[in-house]
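Visitor: Please find one structure pasted underneath; my questions will follow.
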Amino acid sequence: MAGIAVTELNSQSTEHGTAVRYTPAPGAEPLRLGRPLVVAIDGPSGSGKSSVSKEVARQLRLAYLDTGAMYRAVAWDCLDRDVDLDDGELVEAAARTLDLELSTSPDAERVVVRGADVTDAIREPRISASVSAVATNLGVRDELIRRQRAIIAAHGRRMVVEGRDITTVVARDAEVRLLLTASEEARLRRRGAQLGGTQSVEDLLEQVVARDAKDSAVASFTQAADGVYTVDSSDLDFDQTVDAVLGVVHAALSRPAGA
Ligand SMILES: Nc1ncnc2c1ncn2[C@@H]1O[C@H](COP(=O)(O)OP(=O)(O)OP(=O)(O)O)[C@@H](O)[C@H]1O
Ligand SMILES: Nc1ccn([C@H]2C[C@H](O)[C@@H](COP(=O)(O)O)O2)c(=O)n1
């Protein structure tokens with residue numbers, strides 16, 4: 001077994017998929033230190049990628065990379081400098097020259113563009129509304145994928161990385177690849193609660209469903225690719241979802257090589 005001890009690993013079928021419950025043995029060392037472990041997590045908007053990935057990174061003592069924050073940072077930079085989001089060449093140039101600092105600690109979210117702390121600003125609805133124009137620019141993707149791979153390498157390949165194309169493009173060679181899904185109803189409810197009930201149903205549909213439809217043009221994150229595990233969190237609470245993902249990590253690392 002690959003350095004993870006479990007006392008219990010139960011599968012439970014639900015209407016939306018299989019939930020795996022993970023219970024580490026008391027005092028067990030969760031990971032063999034120094035061993036490369038990239039956990040790649042994709043999924044649609046509001047499925048819980050960021051919050052769940054951060055907690056998984058904490059529990060496995062791994063670094064954490066929010067790739068969506070990088071696309072949001074490019075969108076913020078373009079809006080801040082009045083770059084026309086319809087001008088593909090200018091948007092690509094913005095990505096290639098972006099002066100970006102990003103925290104990779106699951107405990108300290110921090111995004112800095114050209115010296116300005118934009119950690120909160122990149123989450124505003126105006127950025128959510130415009131970020132797809134940036135994310136569907138193939139030149140931008142080329143540059144951000146290059147940076148993401150460099151960040152993973154710089155962390156000794158010990159990282160939880162989440163986004164839309166991590167399992168299929170950025171880290172196809174990840175030790176663990178997982179699609180985190182949830183029903184549209186659950187995702188709209190979660191995003192509404194996360195934004196404090198400030199958004200209308202129409203606004204939520206735009207920020208969650210319409211954005212996913214646009215982003216689907218350049219990345220495949222609604223169906224698991226070959227070899228990618230699926231966790232459907234529709235009927236799971238946050239802690240159960242984290243347990244299910246840890247269960248997948250265990251299952252993937254326990255699989256015989258080549259299986
Ligand atoms: N299993 C769960 N049950 C209930 N709430 C959850 C669950 N997973 C995540 N949440 C909550 O749902 C909200 C959305 O989660 P999160 O921001 O992690 O989604 P996301 O997939 O990263 O979305 P996006 O891609 O749009 O940034 C958060 O408030 C989070 O705490
Ligand atoms: N690997 C990624 C990560 C994100 N995106 C796009 C999809 C979203 O519209 C936008 C922001 O992501 P979020 O913070 O909502 O997860 O970036 C992508 O295309 N590829």
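Every residue gets a Cβ built from N, Cα and C, even glycine.
Grabbed the feature section from TrEMBL, which reads as follows:
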- 1-26: region 'Disordered' (REGION)
- 39-250: domain 'Cytidylate kinase' (DOMAIN)
- G43, P44, S45, G46, S47, G48, K49, S50, S51: ATP binding site (BINDING)
Visitor: These are the binding-site residues: S45, S47, S51. Which one scores highest on other Cβ atoms within 10 Å?
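Guide: Comparing the binding-site residues S45, S47, S51, the most crowded Cβ belongs to S47.
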Visitor: I'd like the Cβ neighbour count for K49 (ATP binding site), meaning other Cβ atoms within 10 Å of its Cβ, all protein chains included.
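Guide: K49 (ATP binding site) is surrounded by 25 other Cβ atoms within 10 Å.
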Visitor: Going along the chain, which residues six or more apart from G43 (ATP binding site) have their CB under 8 A from its CB?
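Guide: The list for G43 (ATP binding site) reads K49, E162, R164, L179, L180, T181, A182, F221, given in order along the sequence.
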